[in-house]
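J.: Quick one: the structure is below, questions incoming.
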Amino acid sequence: MRSVYCGVLTAANIGEEVTLCGWVDRRRDHGGVIFVDLRDRDGIVQVVFDPDAEDNFALADKVRPEYVLQVTGKVRARSESTVNANMATGEVEIYGTGLTILNTADTPPFQLDSFTSVGEDVRLRYRYLDLRRKEMQHNLRFRSKVTNAIRNYLDEHGFLDIETPILTRATPEGARDYLVPSRTHESKFFALPQSPQLFKQLLMVSGFDRYYQIAKCFRDEDLRADRQPEFTQIDIETSFMDEEQIMSVTEGMIRKLFNDVLSIDLGDFPRMPYSEAMEKYGSDKPDMRIPLEMVEIKDLMKDVEFKVFSAPANDPKSRVTAMRVPQGGEIPRKKIDAYTKFVSIYGAKGLAYIKVNDKDDLENGLQSPIVKFLPAEVCKAILERVGAENGDLIFFGADTTKVVTEALGALRCKLGEDLDLYTCEWAPLWVVDFPMFEETDEGGLTALHHPFTAPSCSPEDLQANPATALSRAYDMVLNGTELGGGSVRIHNQDMQQAVFKILGISPEEQREKFGFLLDALKFGAPPHGGLAFGLDRLIMLMTGADSIRDVIAFPKTQSAACLMTDAPGAVDAKQLQELHIRLRAKPQAAKDEAGKEEDK
């Protein structure tokens, strides 16, 4: 139906007869000449209809925005005064000699341009129209380009693209599963995979050596700006590689991707232990563009009379830290009060600070409500330890280790954004040496990553000191965003059972939920490991999109609903009967409580 795309025409095509298909972006009538901006996925070109071509002119007079047209005409140069430097096709136009209206269109509920502000609910309800917008066309074409580059890289490095099941069984991987009732197996359910984790490990046992998949994954969890109930993962697994080799291959992939697609050289990725990331930056995915660090001052506060600092300083489960903000003394008190409210979200009871007006005058040069409670020698030691200069602001955290780390870590990122402290555009990083386990609120242990991650010690040492064991895990971080996480896996049955035991999974539960994996580990499982990248998050970062929903064709809302299709939806009684399911009415008390939660 067409010979060329609208957006690719240039001066090199002048004189050619072309046939185009697309949508009417705009129609203008100037002095008896009709101009139609015709749009397709590659861009826009101007088509001119004049009264000499009577039939075409009359038809062109009827077209309206978003009509679908087929246009035949000759490419000609625009006059010098009408050249549009803002359009890729701005040097040329089409002199229309043929016109067919392929379809009409109702008036869209919003303008499909980059300048009109439209509520996201409206955009998602009419997603098929929203996707016609230039920004969305760019994002999805960019996504296709990225996945193609990733496939090419992995293919060149000997990886095989192998699909794994979507209908599987529930396994404890952290989030809630999406369950699918089985019609043929009464009272039993499939689960949609949270990741292809166990299947890709089994592929290594099967001898495929290098596997990858652009995989759909599903997690029934509360949503945020960077989360979706169904998301896409770049899933990778290898045999006979240690963590350094796996990190080298995957780092090479991301570096080549950024270089090929964005012409950006990320350089080598530095390594940082998890303990350092948490102590200095308050996050296991620190944004290294921000030149702010937490400095431990617990030892300086143990003997001060100010209980706000001395109490946590003498508590082994607490910490006292200081964070210097260069030239932060200009921050007004009203803004400091706002930051105090901000850290309270993370459990902080307050936000102490000192403004350094004159570091050499400890009596009069420090401005703060807390200075009067601190001896001069302590103030001097704090200034020296954080490297304070005149005009700086020092924030303090004093509470449990968890509260201080999370509160000042979040404040660090907020200050970086508010004060535009970024020192570079891109800051990649590997975070390594993660703890094997973390403590639950009930005092037990849970896997920091997942229960199939290999520890860096023997089964005996692991069982003797599980709380201090380190894992062979690694996370790739870029600009404070976790691009991907992975680990060397457990390939020995004894070690896997030892980990399950520490996690409180009984032998019976091990056999019920993971019997197939434990059996596979007995039949010559090779050393193996891998990594998974969040594709949606990666695209969001590379395009600069505000939300992950802007890089997915048909995303869900933050309440996990599709406004366009009205999913999830009710099903009829016959379908439920076939699945052996009966719905019970929610008790009125529960309905009332749910209503209260919605009101919040």
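We count from 1, first residue shown onward.
A Cβ is built for glycine as well, from the same backbone N, Cα and C atoms used for every other residue.
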J.: The ATP site in Swiss-Prot includes Arg219, Asp220, Glu221, Gln228, Gly534, Leu535, Asp536, Arg537. Which of Glu276, Glu279, Glu482 is also listed there?
T.: Glu482
J.: Can you say which of 197-200, 413-416, 541-544 is given as region 'Aspartate' in Swiss-Prot?
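T.: Here Swiss-Prot associates region 'Aspartate' with the stretch 197-200.
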J.: Largest pairwise Cα distance, Å, within the listed ATP binders Arg219, Asp220, Glu221, Gln228, Glu482, Gly534, Leu535, Asp536, Arg537?
T.: 20
J.: Just to verify: the residue among His30, Arg219, His449, Arg537 with the fewest other Cβ atoms within 10 Å, which of the recorded positions is it?
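T.: Comparing Cβ neighbours within 10 Å for the recorded positions His30, Arg219, His449, Arg537, His30 has the fewest.
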J.: How many other Cβ atoms are found within 10 Å of the Cβ atom of Arg489 (L-aspartate binding site), counting all protein chains shown?
T.: 24
J.: List nothing but the one residue from Glu221, Glu482 whose Cβ has the fewest other Cβ atoms within 10 Å; the candidates are the binding-site residues.
T.: Glu221
J.: Which residue counts does DSSP give the region 'Aspartate' (197-200) for helix, strand and coil?
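T.: Secondary-structure breakdown of the region 'Aspartate' (197-200): 4 helix, 0 strand, 0 coil.
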